[in-house]
Amino acid sequence: MDEEIAALVVDNGSGMCKAGFAGDDAPRAVFPSIVGRPRHQGVMVGMGQKDSYVGDEAQSKRGILTLKYPIEHGIVTNWDDMEKIWHHTFYNELRVAPEEHPVLLTEAPLNPKANREKMTQIMFETFNTPAMYVAIQAVLSLYASGRTTGIVMDSGDGVTHTVPIYEGYALPHAILRLDLAGRDLTDYLMKILTERGYSFTTTAEREIVRDIKEKLCYVALDFEQEMGTAASSSSLEKSYELPDGQVITIGNERFRCPEALFQPSFLGMESCGIHETTFNSIMKCDVDIRKDLYANTVLSGGTTMYPGIADRMQKEITSLAPSTMKIKIIAPPERKYSVWIGGSILASLSTFQQMWISKQEYDESGPSIVHRKCF
């Protein structure tokens, strides 16, 4: 596709926004889904201080800002801020005029209907896009892995879903949602580091802890055994340098943090872990397709990037499933962006072109058109 008329693909995650052009193999812009507002009144006259900052700029000025995430648990909760993020995406990151390109947006499975209507309305009325479409994130991840049947365990910053998909259609009755994801793990790491005597409290310091989590955490194959190793030797300890030069050491926190994915009771939650949720999702499906789901379990999203997570999933699901069942966990290396990549593939298919909701259709039917055209 020509870049002149290429569709724009925007994957709005709770933690990061991924945006770019359909047909590309990776998003051009990846920035935090945050809007920051100054905590203090400006004293320097003529400094040209803005009333809000978006993305990386908010991140770099985080010391003087209050940071807010407009998407919580995968669902947009603050539309004014969301509009700022989209504006920033089009005009500052991609540097395109949205009125010249069709836009493919993504949404969480089981998203409230009003949510996708509002997205549709903003695209057509605020940004005047010629056409748009809303696709379900997990389905796009499956496309990106080159499959049309499988179960996707998609875990990002705000929410985790297990979505069984058969021949390209998500099976809504079997989708399970777990409000436990990256942000909760960051908060948990903040808590267990506090027990070590390090204090992280502000929204800005939370970002430092997120970095520690991404660089040093991993999933243990056998949690109890790993705890034993950590207690008896210092082989698992790693050090991390804080922005002020102070060095902190972390040991069993490295695997205690993501262990909460398998044991949500660590966070005081009563829900099942990701392995059991995946299994329960499969069990809600027709008995004839379960075999295909077990053999095509695809991991997607940033929270599945921990080293060791695929082996642990394999071990846990094997112990839950029938003993003769072949179980395969697929963890594509680019899974952090697989939702975006799937969107890029979908929006550049010739067969998809008649699926777009056009401005004309929107003007005739209103926002509810999105339920008829996007499934």
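Keep in mind that glycine also has a Cβ here, set from the backbone N, Cα and C atoms.
Now, the feature entries from Swiss-Prot:
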MOD_RES   Met1  N-acetylmethionine
MOD_RES   Asp2  N-acetylaspartate
MOD_RES   Met44  methionine (R)-sulfoxide
MOD_RES   Met47  methionine (R)-sulfoxide
MOD_RES   His73  tele-methylhistidine
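When Cβ atoms from all protein chains are considered, those within 10 Å of His73 (tele-methylhistidine) total 19, not counting its own. In the three-state DSSP scheme, His73 (tele-methylhistidine) is classed as coil.
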